[in-house]
Ligand code: ADP
Ligand code: MG
């Protein structure tokens, strides 16, 4: 059946296509096969076909059916075709019918065969076209492939040239690498050499290492020895600390002994006063007894005189009596004479008798009196004797008492001397401690209650009496709560101006020694700042710190003259109000109608502040007064007080809103030792620190409020910045701090008085002041330094 299929004409497009796609060679082969198949193969079918032809007569019906099929799809082999062509009628010569049938059959078959041929031809034409097409396409393909081939060749050529290039480059590289390799080999050789040397150096290094290890061991030993010394040093430090604590305890004991001495002094003073009282009472007694003795003597004398008088009187009376008696006799004679003649004389007589009787009575009474007087005289004599005795006794006692008093006085003087020495020592030690600590010192002073103050609703300030805070502590009570504070010293209202001055006199003294000293008074208005600083210079007891300091400086400078020191002093006094400077010592001050106007604006004076390289401050146009006597000082202070008081009457408000700065520049030269010192003493009465309500303040008032707040806050800013050792200290933020810049730095001595009012209505402000002062008290602003040089070329005093 396979061969049949091969020779079957194309019937469907798909089959045709299959053939079209076939190779033309295959097609040829199939034709051959067709030929061969006709000759040799498909015997089965051939046989059937021939049998079908041969057995036509035998099975006509079957053949008919087969012909019906063959008309459609019968295929012919070569043999069959030849058989058909060569076929001869087998019928009998005259069997026309059979001949006809056979011819018809043969015809039919021929027709079929022709049909098949035609079909085959058609197929062949188609195949030919197909083959032609395929040939064309194959040719095209061939051309394409050739083109491709050419392209590929070109590509390959390009690749080859590339490869050649790369080859050349690779060769270059190779040569380079070869040279590198050579280099590397050389380097390797040199490395090997280096290695050899390195090994050598390693050996030497190991030696070094050993040495270093030895060194380390030695260093360790040294470290151990250092440790030992460190330990010893620590022990030494410990011992120093112990020594220090011992010194502190010594200081404490000195203080305690001082206190004891003070107590002893007090008891001695009490004793002395009691003894004095006793002595004076004894003296009084003595004088009394002397007086009584004198009285008695006088009395005796008077009594004697009286007695004499009385005796005389008695004599007189006796004489009188005798006279009377004689008179009576005469009268009785006369009576007798005139008895009868004068009845009137009876009455006279009666009178006379009565007189005589009364005289007799007086006489007897006088006699009695005389007796009493004599008795009294005896008693007085006795008393006199007694008084003489007691007087001598009293005298002895008095002498004894006098001696004891003398003894006690000597002891007292001794003790007082010791006390003063001890006190001086204490102050010096305290001073040294504070100098070492570098603190800014803060003293607190509470003024007494004034009549104007509010009713005493109970004390708001109290002073702790414990030993460690005695004289240093102050407790403020607000709304039942107690706020304790401790300062370097607390002065209660009983402290006098002298008591306060004694505490700062050391500081004043250091201005003479070449230190820069600043003393501030801080507190609300009415708390006693001006009283503390200036006081009342006209009243000896109420002089403030400024007059007292000046007096002390003069006295000390005079006593230092003996050691070759010569001092020159210059004073200036200014006021800063609303950041403008007013000269308080200016002689042509304009006591003008408008005191609120800055003076500088009136007089055209500038008052600019400048500091020179030596830390001296100059204020241009400021009056500088050379002072050399105390009288000059007092007139100066009077002038300043007047300047301020002129201001005060006119700007009552302002005086509490301005800072007053008194400056004394002291320049000392020692001719003998060629030493030179330059000290400055600044005493500052600050503006009232009360918090001013900003609400409602406008215009000048607002400006003033801002100026005060600014200058006081910049003062505290400066102090706190110094304490924190900040790089930038805002000295320039206010006139006051800028003016005091050299005196506020680390090498000056600064003291702040915080003045407190005990008035219960001021307790809020007092608390603020004390809190601020406590913060200041905690500050360390450096260690004071004395400005002392050997005589410099320019010994001129700086001004301001
Ligand atoms: P401030 O200058 O702080 O405004 P003052 O110095 O003017 O205060 O003092 C107010 C009042 O209190 C003055 O009348 C002053 O005499 C009086 N005063 C202040 N301190 C004392 C004191 N320690 N002893 C007696 N009176 C004082
Ligand atoms: Mg004042």
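Cβ atoms here come from the backbone N, Cα and C positions, even for glycine.
These numbers come from a predicted model, not from an experiment.
As given in TrEMBL:
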REGION    1-42  region 'Disordered'
COMPBIAS  15-26  compositional bias 'Basic and acidic residues'
COILED    128-264  coiled coil
COILED    349-425  coiled coil
DOMAIN    439-779  domain 'Kinesin motor'
BINDING   523, 524, 525, 526, 527, 528, 529, 530  ATP binding site
- Would you list the other residues of this chain near ATP - those whose C-beta lies within 8 angstroms of the C-beta centroid of 523, 524, 525, 526, 527, 528, 529, 530 - in sequence order? 447, 521, 531, 656, 688, 755, 757
- Taking a cut-off of under 6 Å between Cβ and any atom of ligand 2, tell me which of the binding-site residues 523, 526, 529 pass. 529
- Query: Among the binding-site residues 524, 526, 528, which have a Cβ atom lying under 6 Å from any atom of ligand 1?
  - Reply: 526, 528
- Ranked by how many other Cβ atoms lie within 10 Å of their Cβ, the binding-site residues 524, 525, 527, 530 are led by 527
- Note on the structure: residue 529 (ATP binding site) has its Cβ surrounded, within 10 angstroms, by a count of other Cβ atoms equal to 28
- Task: Only counting partners 6 or more residues apart, tell me which same-chain residues put their Cβ under 8 Å from the Cβ of residue 523 (ATP binding site).
- Result: 529, 686, 688, 689, 753, 754, 755, 756, 757, 769
- Task: Using a 10 angstroms cut-off on Cβ to Cβ distances, just flag whichever of 526, 528 is the loneliest among these binding-site residues.
- Result: 526
- Message: Mean pLDDT across the coiled coil (128-264), rounded to an integer, is what?
- Response: 86
